[in-house]
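Undergrad: Pasting in a structure now, in structure tokens, and then I'll have a few things to ask.
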């Protein structure tokens with residue numbers, strides 16, 4: 001075997017992992033979609049309005065879990081296209097939660113703007129890393145790992161989150177398990193539930 005082959009293999013694997021591990025680097029200053037993400041408008045036609053988003057000045061609509069989350073990704077803010085980042089504003093009522101979920105394409109870093117949030121994630125060995133973070137503190141959630149938040153303070157709370165992908169994706173665990181149409185018999189065996197209990201959960205987490 002060529003003595004340089006192992007070194008070249010290591011270099012190749014390192015390069016592949018770093019180059020494919022996040023959104024690709026842009027090849028121009030910006031790319032405002034004209035007819036979809038694949039095509040860019042002529043850069044001379046871009047204006048400052050293409051790079052400003054006004055949709056998170058105020059909290060969004062609260063869900064039954066006490067959470068109002070407004071995502072700022074490439075689907076609603078085209079100026080992010082090819083830039084490899086996105087944003088979210090999450091507001092919590094007292095006792096409100098952000099149910100266990102994960103982002104398949106991004107690491108998230110969350111900054112507490114107001115309030116006290118019990119915040120954490122679970123790694124692939126089922127170890128939990130969680131604590132209460134307060135105003136001015138930051139926590140990071142590694143890419144693809146299950147994470148969650150709950151307002152444990154006596155006042156509303158707000159988190160601002162940043163992602164290293166223009167479209168991080170979102171998989172909510174209860175919705176994915178009980179709202180996706182997985183065979184009922186499998187769910188019964190996996191969770192020790194009967195058909196009546198599964199039907200109740202399916203009704204709660206079915207797509208609206």
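Each residue, glycine too, has its Cβ placed from N, Cα and C.
All TrEMBL annotations are machine predictions without curation.
Quick paste from TrEMBL:
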DISULFID  31-40  disulfide bond
DOMAIN    54-199  domain 'Cupin type-1'
BINDING   98, 103, 108  oxalate binding site
BINDING   101, 103, 108, 147  Mn(2+) binding site
Undergrad: Could you state the whole-number distance in Å separating the C-alpha atoms of residue 31 (disulfide bond) and residue 101 (Mn(2+) binding site)?
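TA: With distance taken Cα to Cα, residue 101 (Mn(2+) binding site) is 30 Å from residue 31 (disulfide bond).
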Undergrad: Starting from the Cβ centroid of 101, 103, 108, 147, the recorded Mn(2+) site, name every other residue in that chain with its Cβ within 8 Å, sequence order please.
TA: 102, 106, 121, 141, 145, 146, 168, 170
Undergrad: Taking 101, 103, 147 as the binding-site residues to compare, which has the smallest set of other Cβ atoms within 10 Å?
TA: 101
Undergrad: Name them in sequence order: residues not among 98, 103, 108 whose Cβ is within 8 Å of the mean position of the Cβ atoms defining the oxalate site.
TA: 88, 101, 102, 110, 141, 147, 161, 163, 168, 170
Undergrad: Pop the Cα-Cα gap between residue 108 (oxalate binding site) and residue 101 (Mn(2+) binding site) into the table, whole Å please.
TA: 12
Undergrad: Mind giving me a neighbour count for residue 31 (disulfide bond)? Other Cβ atoms within 10 Å of its Cβ, every protein chain shown.
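TA: Counting Cβ neighbours of residue 31 (disulfide bond) within 10 Å gives 21.
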Undergrad: If I take the alpha carbons of residue 108 (oxalate binding site) and residue 147 (Mn(2+) binding site), what is the distance between them in whole Å?
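TA: On Cα coordinates alone, these residues lie 10 Å apart.
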Undergrad: Please average pLDDT over the domain 'Cupin type-1' (54-199) for the predicted structure.
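TA: The answer is 95, the mean pLDDT of the model over that range.
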Undergrad: For residue 98 (oxalate binding site), which residues in the same chain are close in space, meaning a Cβ under 8 Å from its Cβ, but six or more apart along the sequence?
TA: 65, 67, 69, 90, 92, 148, 149, 150
Undergrad: For the recorded positions listed here (40, 108), tell me which residue's CB has the most neighbouring CB atoms inside 10 Å.
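TA: Counting Cβ neighbours within 10 Å, the top one is 108.
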